[in-house]
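According to TrEMBL, the transmembrane segment annotation covers B:12-33, B:74-97, B:109-128, B:149-167, B:179-198, B:235-255, B:261-278, B:290-316.
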Amino acid sequence: MDSTADKIAIPSDSPQIVRELTERTAANDVLMQPTCDRITTLWVSRQDLRGMLLYLKSQTYTLLFDLTAIDERRRTHRPALPGSDFTVVYHLLSFQRNEDIRLKVALVEDDLSLPTVTHIWPSANWYEREVWDMFGIAFDGHPHLKRILMPPTWQGHPLRKDHYARATEAEPFSLSDEQQEIEQDALRFVPEEWGMRRSGDGTDFMFLNMGPNHPSVHGVFRIALQLDGEEIVDALPDIGYHHRGAEKMGERQSWHTYIPYTDRVDYLGGSMNNLPYVLSVEQLACIQVPERAQVIRVMICELYRLASHLLFYGTYTQDLGQMSPIFYMFIDREKVFDIIESISGARMHSSYFRIGGVAMDLPKGWDKRIREFIDYLPARLDQYDKMVLQNGTLKRRTQGVGSYNTDEAIDWSVTGPNLRATGFAWDYRKARPYSGYENFEFDIPTGRHGDCYDRCTVRVEEMRQSLRIIRQCLDNMPEGPHKAYHPLATPPPKERTLHDIETLIQHFLNVSWGPVIPAGECCMTVEATKGLNGYYLTSDGGTMSYRTRIRTPSFPHLQMIPMMCRGMMIPDLVAILASIDFVMADVDR
Amino acid sequence: MNAGLGDAADIAGILASLIVVAAMLIWVERRLLAVWQDRLGPNRVGPLGLMQVVADMIKMFFKEDWIPPFADKAVFVLAPTIVFITMLTGFAVVPFAPGVGIIDFNFGLLYFLAMSSLSVYSVVLAGYASGNKYSLLGGLRAAAQTVSYEVFMGISIMGVVMLAGTFNLREIVEAQRGGWFIIPQFLGFIIFLIAVVAESRRTPLDLPEAEQELVAGFHTEYSGMKFGMFFVGEYLAITLSSAMIVTLFFGGWLGPWLPPLLWFCLKTAVGIMFFILLRGSLPRPRYDQLMAFGWKVLLPAALVNLLATGAVVLSLQG
């Protein structure tokens with residue numbers, strides 16, 4: 001740390017946890033950084049990190065919300081912050097305090113290593129592998145520090161600033177036969193590399209590659225299974241086949257043009273993905289979103305939640321061998337898309353939200369279709385209850401299968417419906433209302449056993465709650481502008497532009513270069529369809545994001561699979577996969 | 001009564017119509033499922049999409065005849081023919097109508113059970129010969145499932161045999177003139193029904209194939225006409241199973257007004273549709289649950305049915 005760190009003490013009005021933390025762990029050179037999202041952010045030293053994390057975990061900061069890094073070497077706006085080439089960020093969440101805390105560790109380029117925290121949070125395993133893969137930061141003591149998203153043969157670490165972002169910046173791609181052999185060989189699953197034995201207790205194990213192409217893995221996802229007969233001894237999820245570099249793209253798109261990329265992260269959630277991103281940008285730019293835009297956003301989000309949950313419901317039954325429900329549910333989902341299309345012009349990926357509001361106002365007579373739909377769906381859901389949830393075979397397939405309790409779920413960074421299925425009623429929309437959720441009445445459905453069956457019932461009940469929220473949107477849609485009258489709202493409201501030279505320039509710059517968002521950092525999170533989805537943006541005061549970190553719920557959920565399926569059979573694994581409700585784009589980004 | 005059975009016209013006619021029926025079932029199943037699932041199904045090729053069958057056949061015939069290099073070639077080729085042949089020969093004893101059929105055989109029922117058991121070799125050998133782990137798992141499941149379920153498939157229909165006093169299928173039909181055996185043998189019927197679904201490996205008991213778990217199970221590596229054999233074999237199995245259910249429990253060709261052959265075909269068609277409806281509505285149990293259900297519930301139930309029927313028959317005679 002450089003000398004500025006010593007000068008800035010912990011302010012006396014800082015949260016109590018910060019003072020406790022520094023006293024208890026006897027840490028020196030701790031520095032507090034103000035951030036836009038008002039999350040307590042502390043710079044700590046490498047030696048103190050583990051002790052502090054352990055202490056925080058004991059002080060109810062039990063969820064490792066995110067673990068990521070930033071390549072700071074090209075920053076220009078970092079006033080009064082410790083010098084750092086690479087910064088590793090630990091973002092923790094406390095349910096009891098309803099507070100977050102962020103710890104940052106500065107690293108220099110010659111010495112990129114940190115102690116692992118996998119023994120504190122098992123979920124840190126994949127996060128640390130990701131940081132290693134993307135930045136080349138090593139974690140001492142990590143059990144399997146290997147690449148996770150990139151191919152094992154990849155050269156370089158993509159999220160470093162000196163790694164190219166576009167294929168056109170690199171040599172033209174060609175794949176010779178020899179190289180293809182090498183690449184294929186690198187993907188071969190070798191059990192010994194993962195500490196698996198080939199035989200034991202007088203039996204030889206069979207190793208089965210489930211995926212990357214398999215009907216039940218919902219995308220390109222591989223699980224290497226160690227089998228004794230049909231019983232799963234151990235499993236090894238292998239991700240990265242759907243990696244498209246969404247975070248890297250954030251660093252080369254303007255703040256505005258990145259919005260459509262977010263739709264495709266959880267591609268079943270559509271504009272729900274826009275929300276944490278635009279919230280984050282708006283927080284950085286201090287934009288107040290008008291009430292009407294907020295309610296429209298809530299309504300669109302809940303429609304997308306319905307669409308996503310309907311698809312989950314259908315594939316869930318299909319993976320359990322029930323053939324028909326998915327077709328009925330697709331009909332309902334189609335109706336949702338018709339509504340969204342009539343409002344935004346697009347169906348699955350509407351990219352409807354904008355910095356400062358939404359793309360356009362609601363069309364004339366917008367509420368008729370929605371009203372018809374929310375009157376129609378409850379009866380259908382009741383019918384599905386009889387068809388699916390009350391089916392005896394289905395219950396026997398899912399009850400008690402793949403269960404975990406609340407503590408295990410939190411240890412593995414599980415959020416959203418999968419966490420609520422354990423009986424823990426914590427919903428981000430209630431705990432920390434965003435976009436005006438505090439004005440809506442709805443319940444938090446929970447399960448009891450945290451098994452495959454409860455994960456489904458929670459989602460089914462959430463659909464009913466979404467319908468309630470949409471009805472409230474219909475009945476209470478405020479009048480007013482659909483986008484903020486703010487210089488950084490993009491694109492600028494047309495009626496406020498081209499009046500004089502000032503508004504002409506403003507319009508021209510915002511549309512051609514895109515808005516310049518003030519330097520700072522901010523993480524906004526929403527209760528997305530599958531769990532907590534957060535966008536942690538760092539602006540260096542440019543027209544593009546300096547670092548876009550996407551915290552997705554599916555990533556940690558998949559990491560838990562081995563724990564859930566040990567000792568089960570292949571059909572149980574299929575039920576578990578179906579009940580997790582993941583899409584690979586949300587995992588790999 | 002045996003007059004006219006088994007001549008060349010009979011054999012050719014039955015064989016031809018079976019092949020046509022099995023092929024048409026592709027269309028019937030897809031259309032029916034579509035209707036039940038609020039879809040349209042194949043409706044583009046020819047009137048009502050009927051020519052879809054022809055299109056599918058042409059496609060299948062002209063697919064590359066590919067055998068994976070890691071497969072056991074001879075067995076791999078042999079396996080699909082077994083199910084095809086056993087199911088076709090199974091029809092030899094089916095009493096379509098008085099005077100229509102191939103042979104009148106005193107142990108017709110046992111012959112049917114034998115053919116149905118033999119067909120499992122097809123699946124087991126296919127799973128083994130493919131050299132694919134999913135196929136292997138499918139083959140293992142098939143062996144376990146079929147062996148378990150044929151035990152009480154046999155026992156479940158012994159009640160019918162006791163009531164009719166014969167293994168001859170034509171005589172069993174005649175014995176139902178006073179009333180169909182479904183009424184006294186309702187339990188036997190249910191058990192037999194579940195057993196034939198398991199034997200013919202149809203959804204919901206299609207565990208050897210279980211798309212969501214084993215990709216395509218035992219026939220993962222098959223393509224072209226060899227896959228077509230499995231396909232047609234499965235439809236033949238459904239047809240044969242329905243025909244047997246009709247013969248044993250629903251009075252075979254018996255019925256008023258309409259000609260006997262038509263009655264038989266109508267009843268069988270309803271049976272086939274029931275199989276398709278089952279496929280469209282039920283989820284698949286887990287493999288161990290299916291086995292447990294078979295041994296712990298169906299087997300005792302079949303034995304109870306056997307004893308009770310025997311007691312009643314004896315007491316009525318005595």
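The backbone N, Cα and C atoms fix where each Cβ goes, and this holds for glycine too.
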Region pair the transmembrane segment (B:149-167) / the transmembrane segment (B:290-316), three or more CB pairs under 8 Å: yes
Highest-contact recorded stretch vs the transmembrane segment (B:109-128), from B:74-97, B:179-198, B:235-255, B:261-278, B:290-316, CB pairs under 8 Å: B:74-97
Contact set, same chain, for the transmembrane segment (B:74-97): CB under 8 Å, 6 or more residues outside the stretch: 14-15, 18, 67-68, 103-105, 108-109, 111-112, 115-116, 118-119, 121-123, 125-126, 128-130, 169-170, 173, 219, 221-222, 226-227, 229-230, 232-234, 236-237, 240, 243-244, 247, 252-253, 259-261, 263-265
Segment proximity, the transmembrane segment (B:290-316) to the transmembrane segment (B:235-255), 3 or more C-beta pairs under 8 Å: no
Top partner of the transmembrane segment (B:290-316) among B:12-33, B:179-198, B:261-278 - counted as Cβ pairs under 8 Å: B:179-198
